[in-house]
């Protein structure tokens with residue numbers, strides 16, 4: 001198993017280097033939240049680009065203090081250059097103007113603010129924006145369109161969350177980050193498990209079977225329950241996948257009009 005993950009690390013580092021070169025970039029930038037996914041991406045980027053891999057820390061007015069602490073600790077441990085841009089003043093303005101905004105609206109606004117800061121830094125420093133969303137999030141649509149899902153390339157987008165955990169172990173990610181509950185940190189008390197209803201240890205095996213069995217076919221509830229999955233779990237996951245499938249699609253462009 002260790003040998004497989006060492007090969008994966010080499011593969012992902014090679015991906016980052018080649019894809020950046022292909023696009024004409026020598027520097028990269030990514031958002032570092034203090035969570036697992038961005039920590040893994042940060043360490044991979046540091047291995048490839050050294051001082052040319054830059055992390056942006058972008059806490060909001062509701063970010064947990066330990067998120068910033070964990071991000072700073074990672075930067076110190078792995079010698080990662082970083083800049084902090086607080087988005088708190090901006091999300092406070094949004095909250096004051098839209099007092100009835102739901103937590104989801106506020107969270108999406110913060111995610112898109114961070115995207116704006118990343119792409120502004122990208123332009124200023126001639127750096128390529130690196131994504132940090134894992135495959136579980138992408139399949140479930142558990143992310144903000146044109147927010148945390150926005151990037152130029154993504155080294156972990158084909159790794160399920162449970163696989164990211166395993167990779168993080170071999171990258172020597174600090175235990176504090178490894179052991180804390182996954183959270184987008186978009187509002188107080190948020191956690192992935194609360195939002196999704198299940199831990200990734202339960203969700204990922206189902207997602208893998210869905211991918212293996214229904215790549216080009218409609219997903220069938222009965223097939224999955226016959227494999228032993230709980231019916232409510234399967235219904236919830238299928239509903240989320242179908243509802244959010246558009247987030248993985250490129251914008252649909254009308255075909256060129258040719259008058260007869």
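Numbering starts at 1 and runs along the chain as it is shown here.
Using the three backbone atoms N, Cα and C, a Cβ is placed for every residue, glycine included.
Among 18, 50, 161, the residue that Swiss-Prot places alongside 31, 32, 33, 34, 35, 36, 37, 38, 132, 183 at the ATP binding site is 161. Residue 137 (Mg(2+) binding site) sits 11 Å from residue 37 (ATP binding site), counting Cα to Cα.
Under 8 Å, Cβ to Cβ, and six or more positions away along its own chain, residue 35 (ATP binding site) finds 67, 70, 177, 180, 182, 183, 184, 185. Counted within 10 Å of its Cβ, the other Cβ atoms near residue 137 (Mg(2+) binding site) come to 25, all protein chains included. In this structure, the binding-site residues 31, 112, 132 were compared by how many other Cβ atoms lie within 10 Å of their Cβ, and the smallest count belongs to 112. With respect to Cβ neighbours within 10 Å, the binding-site residues 33, 37, 183 differ, and 183 shows the lowest count.
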